[in-house]
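Participant: Let me begin by handing over the structure; questions about it come next.
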Amino acid sequence: MNIIKKKMNAVKQYFLKDRVNNCKVGGLETSLNPMQNLKALQNHTFTTKEIIHYSFLSSVWIFVFFLNPAPLLGKLLFYIMLCTLFIIPLTSQFFFSALPILTWLGLYFTSATFNNSYRRPISVKALPAVETILYGDNLSDILANSTNHFFDILAWIPYGLFHFGAPFVVAIILFLFGPPRLLRGYAFAFGYMNLIGVIIQSLFPSASPWYKNLYGIQPANYGMKGSPGGLRRIDEILGIDLYSTAFANSAVIFGALPSLHSGCATMEALFFSYVFPKLRPVFIFYVCWLWWSTMYLTHHYFVDLVAGATLSFTIFQYTKYHHLPKIINDPSLVNSASNIAKKIFHSRWAYSDLKYNNMYELDPLSRGSTILNGGISNDLEIQDLSGLTPNEIIEMNNFNNTTGGKNVASNTNSPFRVQTPMTQTSSSTVPSLFDAASIGSRSRSSETSYEDDVEREAMSNSTTLMPSVPVISMSGHSGTTAGNASTLSNSNSNSKTSISNLIGNFTGVAGNNNGKLFLKKD
């Protein structure tokens, strides 16, 4: 007993050693009082996403309630038990978060009882045809051509063993080593991936490669039994009748597309890669291993695997930016002096607070982007410079020139550039203001205010060589034009033709500059 107690204490110490004092973020709810959840529900304001989420799941449960052939009393008792688990705080933190998974299981086992007259025809030729068109041949047939006991066992391990136990193992590991509430995100993504997959399989029933091996391309019907495919050889090796009976009575026999084996493996790999990014190659190997096994055992075409992985990846990306908290390895959470961030494994109790991913914060074109707020981007098209005077802009540019050891004036990609004094150059190489591709074209600036400023300035300086002054070129700004200053002609200064020629020979910054025209050399 003392040895067991010591081991238990050692495990407890390992998980709690990084816990912040008096921090309850990683703690669990232990209350059995349902009034606590009822009060929280009363005070909760549902968002649009939550309304859609719960409405969809509720509609599936109503559908299952009426179509499932179980006795009415049994169904009522089951629904009452679920509601009880949902309102007790101790159990609701697990079962309520698993609502998408429970919904998937309810629909999956009910789908076996659908009336055949309402079911859609089974596709036998579509998948092998698509496989041949996309990949040139039936990859499953190629891989299953040569079989032996070693390959049988190698394929059985991920497909017949890991697939059924991995979701529980992944959930336990994510609960212990991931941030709090990560398990909720996993249950959401895993449940929705399987739920949508079963709906697709019901709307587009399709036969697996084993069907083609047994019956060719003759039409299939729902009275047929399923087949274990290559797993039959596992039953023969082990001397048992496990997979033959299980697959013959499967709830969804003609559900090749999408492959939920592929979807589950991809989802598990994505979540593990999110929490343990340094081990990503191991998880990718597991997905590839399972893909090979499904085709070797003639349970799926390659196109089924791609469809399942795509479905899983799409749902994971949505879940990541709407439900998942950031992990300690995230750059925004890592303290450079912290040794915790250097570890591969972190317990849920190492988190003092939770920060969530936000897809809008990662968008460099968003005004609320942390990239902009962090100073990484200074694109003038998304910066507010309306309150700056020309002198302040020049001071800002001079400050940039003397900071960070970078020569901003010579950097053509810098949003602030000091232009060298003007020299007289040929106007033949200057892009026209009316060229839509030019930065300073009419399509990017005001047609009236810009031309009025040009004409007014030209009239007042018709015989004067414009002074050489350093000004700021605002790259990408809507009030910028390109060109070089030159000697202004006194002839035809009042005509539109003269003004158009002048526009092509010099540049200006039209905007909030007190009506002045600043000339520059680009």
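Every residue gets a Cβ built from N, Cα and C, even glycine.
Pulled these from TrEMBL:
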- 51-69: transmembrane segment (TRANSMEM)
- 76-109: transmembrane segment (TRANSMEM)
- 153-178: transmembrane segment (TRANSMEM)
- 183-320: domain 'Phosphatidic acid phosphatase type 2/haloperoxidase' (DOMAIN)
- 185-204: transmembrane segment (TRANSMEM)
- 269-292: transmembrane segment (TRANSMEM)
- 437-460: region 'Disordered' (REGION)
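Distances, neighbours, how buried they are, the whole picture for these features please.
Facilitator: Within its own chain, the transmembrane segment (76-109) has Cβ neighbours under 8 Å at 28-34, 36-38, 57, 60-61, 63-65, 68, 183-184, 187-188, 190-192, 194-195, 198-199, 251-252, counting only residues six or more beyond its boundaries.
Using a Cβ-Cβ cut-off under 8 Å and counting only residues 6 or more beyond its ends in the same chain, the transmembrane segment (185-204) has close neighbours at 60, 97-104, 107-108, 111, 114, 119-120, 123, 167, 170-171, 174, 252, 254-258, 260, 263-264, 267, 271, 308, 311-312, 315-316, 318-320, 323-325.
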Participant: By DSSP, how many residues in the domain 'Phosphatidic acid phosphatase type 2/haloperoxidase' (183-320) are helix, how many strand, and how many coil?
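Facilitator: Split into helix, strand and coil, the domain 'Phosphatidic acid phosphatase type 2/haloperoxidase' (183-320) gives 97 helix, 2 strand, 39 coil.
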Participant: Taking all residues of the domain 'Phosphatidic acid phosphatase type 2/haloperoxidase' (183-320) together, what is their mean pLDDT?
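Facilitator: The answer is 94, the mean pLDDT of the model over that range.
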